[in-house]
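Below: the structure, in structure tokens.
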Amino acid sequence: MEKVEKVVSNLVLFLLSLLTLLLLFEDYVQVPVWLQPFGRMHPLMLHFPIVLVVALVLLQLFKKHLDPSSFEKINKFSLYLAAITTSLTTLMGFLLSHEESTISDLMQLHKWFGVLINYLIYFLILVYNRRVFYKILLYTGLIVLIFTGHFGAGLTHGTGFLTEPIMKNRKSEITEESALFEGFVQPILLSKCEGCHNEQKKKGGLNMSSWPEILKGGENGPIWIAGDPDSSEMIRRSLLPMEHDDHMPPEGKPQLTASELRLLKNWIRAGAGEHMSLADLSPNDSLYQLVTDRLASLQKQDDLPKYDFKHADEELVASLNNPYRTIKQESPGSPALDVNIYVRQAFKLEYLTELKKIREQIVFLNLAYMPIIDENIEVISSFPNLQKLNLNHTDITGKTLNLLSSCEKLKSLAISGTDVDIEILEALKSFSAIEEIFVWNTVLTSDEFDQMRDALPGVSIYQGYSADSESPLQLSPPVLKNKKQMISNDEDVVLQHNLSNVTIRYTLDGSEPDSVTSQIFEKPFQLESYVTVKAKSYKENWLASEVASYVLFTKGFQPLKSHLIETPNEKYRGNGAESLIDKEKGDINKFIEKHWLGYKDSPFSALVDFGENPPNVDEIVLSCGKRMSSYIMLPTRIEVWGGEKKEELKLLKQIVPNQPTTYEPNSEEALSISIAQSNFRYYKIVAHPMKRLPDWHSGKGDLGWVFVDELFFY
Amino acid sequence: MENPFFENRLNINRRHFLGKLGFGIGGAALGSLLVPDLFKKGSGEIDEIPLGLKHFASKAKRVIYLFQNGAPSQLESFDYKPMLNKMFGEDLPASIRMGQRLTGMTSNQEKFPLVGSKFAFNQYGQSGTWVSELFPNIARVVDDICVVKSVHTEAINHDPALTFLQTGAQQGNRPSMGAWLSYGLGSENKNLPAFCVLLSRGKGNGQGVYSKLWTNGFLESIHQGVQFSSGEDPILYLNNPEGTDMKSRKKMLDQLAELNELGYQEFGDPEIHAKIKQYEMAYRMQTAVPEITDLSKEPDHIIKLYGSDCLVPGTYAANCLLARKLSEAGVRFVQLYHQGWDQHGNLVGEMPLQAKDVDRASAALITDLKQRGLLDETLVIWGGEFGRTNYCQGALTDKNYGRDHHPRCFSIWMAGGGIKPGITYGETDEFGYNIIKDPVHVHDLHATILHLMGLNHEKLTFKHLGRRFRLTDVHGKIVDGILG
């Protein structure tokens with residue numbers, strides 16, 4: 001062991017002498033290229049002496065607690081290792097410093113402090129056995145080491161590196177009046193360039209720490225040419241491909257973002273003056289836009305909520321998320337968490353109690369509709385940073401609400417639709433930060449709301465909508481439950497209304513239902529022929545509904561065949577003649593569909609054939625569409641012809657339907673033509689479109705359309 | 001994994017790639033590029049914020065879009081132009097029209113006779129917002145809403161305009177706004193789709209809506225809008241088949257998931273995993289949906305608030321109430337469409353009916369969200385796809401008129417989540433034809449909606465066919481003037 005000690009201390013002495021020699025003849029030293037990598041290992045090596053010297057100090061401090069013989073071994077080993085690595089580090093640093101063209105003051109300081117440590121360490125070996133000297137030297141060494149390290153960090157990271165985060169908060173207010181350079185350009189240069197181009201470390205001879213220094217430029221001259229960004233060195237370099245040696249900032253360092261680059265370019269284009277400000281620019285200038293955008297985003301950051309609690313463990317948050325409980329970070333970088341719990345049937349109390357694991361981070365909690373009871377409030381009261389709590393439609397009664405006074409940040413509380421009463425006022429008074437309370441749909445009366453507002457000045461209390469103040473409203477009309485207008489033989493017709501205790505009255509003869517004589521709908525009924533059902537709904541304290549009108553068809557007599565004498569317009573041919581007797585009704589809102597046949601230039605004219613055994617028919621119904629805004633009107637005249645032979649038909653009846661005198665809503669109309677009971681084999685039905693739309697119509701004078709979807713025979 | 005190379009190709013997208021690269025060989029270099037900015041405030045770099053998280057803090061969490069399909073006339077709703085009444089029947093000056101292209105419906109019209117609103121306007125609320133007599137209930141909540149009178153679009157016909165407003169492009173097949181939000185923010189409630197669609201139809205002249213308006217486009221199919229139907233089963237095929245109970249259903253689905261997993265092992269298509277997830281969600285929806293569609297627990301005065309129509313499934317009022325319930329249950333984006341606003345003729349006859357359909361329920365939704373403390377978390381938007389002309393289409397009479405499509409200006413309103421309440425933004429000229437102050441392009445509207453939801457519209461991208469797509473394409477400016 002002693003032999004090793006000797007070798008090592010001699011080695012250290014040798015390295016120290018070498019260093020001293022080099023320092024003495026520094027001006028003549030030329031570092032060969034092959035040695036440069038050795039020098040560049042300085043930033044790697046320097047960590048060893050730092051750690052080892054600190055370890056030596058710690059060993060000294062805890063000496064008493066260590067077994068003396070092992071202390072001796074460890075201490076000595078660390079000391080020798082520290083000595084060797086220190087010597088190597090210093091030598092490397094010396095070589096590295098010679099790569100720079102100029103040596104800044106900071107670098108000088110770093111260098112001489114480094115050398116000093118080297119000597120101190122060697123002396124430590126020499127005085128190892130003299131306790132007091134050793135201790136004094138060691139502690140001095142530690143202090144020198146701290147300074148050396150700090151100066152070194154200043155070289156690589158910039159002088160303000162350590163204090164930057166603190167200083168940043170005290171940065172001067174940037175406002176619209178700020179000079180653009182100071183407010184917007186310099187911050188970019190400081191964050192992205194100044195690390196290598198500063199007072200101490202003038203890479204390429206360039207110092208970007210202040211306006212006069214920037215103007216001096218570097219080895220390659222000025223970094224910008226006012227008014228000409230494309231020829232400016234700084235812009236040119238930042239636009240070079242990343243692999244290019246001249247690209248700035250160098251590969252591996254934080255790059256300029258697109259918007260920063262845009263700002264720099266535009267600022268140079270605008271003249272790059274030191275005191276130029278927003279006022280000098282026209283609002284249409286793109287620089288003006290860029291700057292105002294930045295200003296806006298700066299202001300927004302000031303508005304961001306600030307929290308003084310720590311982030312929750314990411315894995316913990318992830319494990320607490322499940323299909324019924326969503327926990328999300330409020331925004332990136334924020335420690336605050338939003339918690340939502342959904343689906344009442346799936347609720348388990350653990351979903352709430354487990355949240356205690358992240359009790360500090362919860363700022364928003366939504367428990368609406370969950371079976372939360374008074375006892376569960378205690379869990380919530382342990383969330384100290386809770387700001388917004390939604391307990392709408394939970395099962396609480398408010399008795400334990402006072403517990404929430406321990407949530408000192410609680411600003412917003414929603415307890416609408418719960419069983420709370422005026423007793424909660426005492427609890428609410430104890431909430432120190434409360435700003436808004438939502439208590440709609442509770443037993444609270446208007447007087448009690450006033451009482452609350454008096455007791456809680458400055459707090460918004462949302463009473464919400466109550467129907468009392470309003471005059472009676474109109475009910476919605478009854479709804480036909482049957483989905484299709486075609487009613488099969490034994491099908492029940494059902495009218496319904498979703499509100500409870502509504503009376504439905506109806507007629508089947510086309511007259512308006514009234515509240516006294518018309519039949520009350522009590523049970524489903526069945527149909528024999530086609531009818532128009534008109535129905536209204538009535539309820540106490542409500543106005544009667546409008547009339548709902550439904551035309552219902554039964555199947556009637558089914559012809560064997562149908563034939564179109566006139567072809568429909570080529571756009572609206574439906575399924576041809578088959579459409580008329582397929583018992584499929586159309587919807588005029590979808591008049592392009594295959595149920596509809598459309599006629600404009602020629603009348604609708606169709607022949608049906610009942611075959612060998614024709615039925616006794618006394619009523620024919622033509623189902624037409626009415627969609628006036630699309631020029632689809634009712635026919636002006638309908639003719640019904642009948643006979644035993646196709647060629648020998650006689651006119652049985654013709655009718656002129658009532659025409660509307662103004663616009664009416666879209667509808668399907670059943671136009672009924674009664675005839676003397678007859679049992680012809682053939683019937684021909686003709687319907688004439690409107691020749692001239694009336695004056696009140698936006699298409700006045702134009703041709704109208706006739707749309708037919710079905711023919712019925714009863 | 002039988003075919004890792006194949007799977008790799010299928011699974012790689014930009015974020016995956018960067019994410020993996022970050023840990024790989026390029027880790028050191030990339031890390032030092034990204035990390036300094038990641039922790040630095042104010043650099044605005046949010047490229048690497050994972051999906052499912054806001055880009056920055058914001059108030060709104062959910063959107064309810066009350067789409068008035070067919071384009072309601074701004075001149076009979078929120079943009080009061082008395083000048084048009086004075087100039088009744090006079091031709092629209094060419095200096096105002098400035099060569100605006102016309103639809104095929106009025107392009108051969110010889111004259112463009114100006115016509116003012118048949119319906120009276122009044123000022124309401126502390127804000128003194130002008131609202132027509134057709135919307136008495138919305139007039140009551142004007143202090144809670146922000147009317148934007150200067151929205152403009154590029155399309156002149158329904159389909160392209162509608163597609164543009166929904167997807168940011170006129171051609172279709174791009175993801176809808178709701179799909180983008182589902183993609184960007186994920187779902188709040190994992191038992192319901194993040195994007196739900198509800199349809200209703202008024203009595204007025206209507207235009208169709210189709211599933212391409214709520215498509216996921218090139219995004220994963222889980223982001224597609226789920227249409228609720230008005231029948232007894234709001235979501236089709238959700239109930240168990242007859243004779244199957246929940247337990248055996250679950251067992252069947254578990255087995256199916258295993259089979260699908262085998263399929264994934266073989267083909268590596270991520271859509272298979274999407275499918276497995278959808279089955280799982282559908283199973284959970286079986287409990288979640290009935291809780292939401294059950295109206296029996298709604299108090300009587302809620303029915304009064306929305307109007308008794310809200311009890312008739314498939315009406316606008318019923319959809320508004322359902323939209324509130326879905327939104328309350330954490331659905332990110334609820335999209336309503338109310339059809340029937342296309343008043344080319346008979347505006348005087350149809351518009352009151354349309355307005356009656358939507359007025360009470362739209363206002364009720366605002367009131368209802370407010371009384372539950374949800375309005376500041378929910379962004380409500382009301383509006384159509386474009387505006388209507390200040391001149392009459394077809395015959396102009398004392399009693400009636402019609403209006404054609406007009407892309408240069410239209411009015412919408414927004415409320416809740418981060419919107420400045422009780423203001424009117426933007427102005428049109430006294431002819432109600434051109435915007436003279438604070439125009440808001442559809443892209444700007446999209447950018448603003450995303451912003452209100454905490455997303456940067458320039459950063460919410462998806463790489464497809466070799467380029468990064470955004471809802472706002474390469475446009476869009478946030479409308480600061482309407483932010484609260």
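Residue numbering: from 1, along the chain as shown.
Placed from the backbone N, Cα and C atoms, the Cβ positions cover glycine too.
All annotation found in TrEMBL is predicted automatically rather than curated by experts.
Copied over from TrEMBL:
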- A:7-25: transmembrane segment (TRANSMEM)
- A:45-62: transmembrane segment (TRANSMEM)
- A:74-97: transmembrane segment (TRANSMEM)
- A:109-129: transmembrane segment (TRANSMEM)
- A:136-155: transmembrane segment (TRANSMEM)
- A:193-252: domain 'Cytochrome C Planctomycete-type' (DOMAIN)
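Across the domain 'Cytochrome C Planctomycete-type' (A:193-252), DSSP classifies residues as 19 helix, 4 strand, 37 coil. Long-range neighbours of the transmembrane segment (A:45-62) within the same chain, counting only residues 6 or more positions beyond its ends whose Cβ lies under 8 Å from a Cβ of the stretch, are 71, 74-75, 78-79, 81-82, 85-86, 88-89, 92-93, 117, 121, 135, 138-139, 141-142, 145, 149, 152. The list of residues near the transmembrane segment (A:7-25) in space but at least 6 beyond its ends in sequence, with Cβ under 8 angstroms from a Cβ of it, reads 80, 83-84, 87-88, 90-91, 94, 115, 118-119, 121-122, 125. Long-range neighbours of the transmembrane segment (A:136-155) within the same chain, counting only residues 6 or more positions beyond its ends whose Cβ lies under 8 Å from a Cβ of the stretch, are 46, 49-50, 53-54, 56-57, 60, 104, 106-107, 109-110, 113-114, 116-117, 120-121, 123-124, 127, 161-162, 200-201. This prediction places the mean pLDDT of the domain 'Cytochrome C Planctomycete-type' (A:193-252) at 86.
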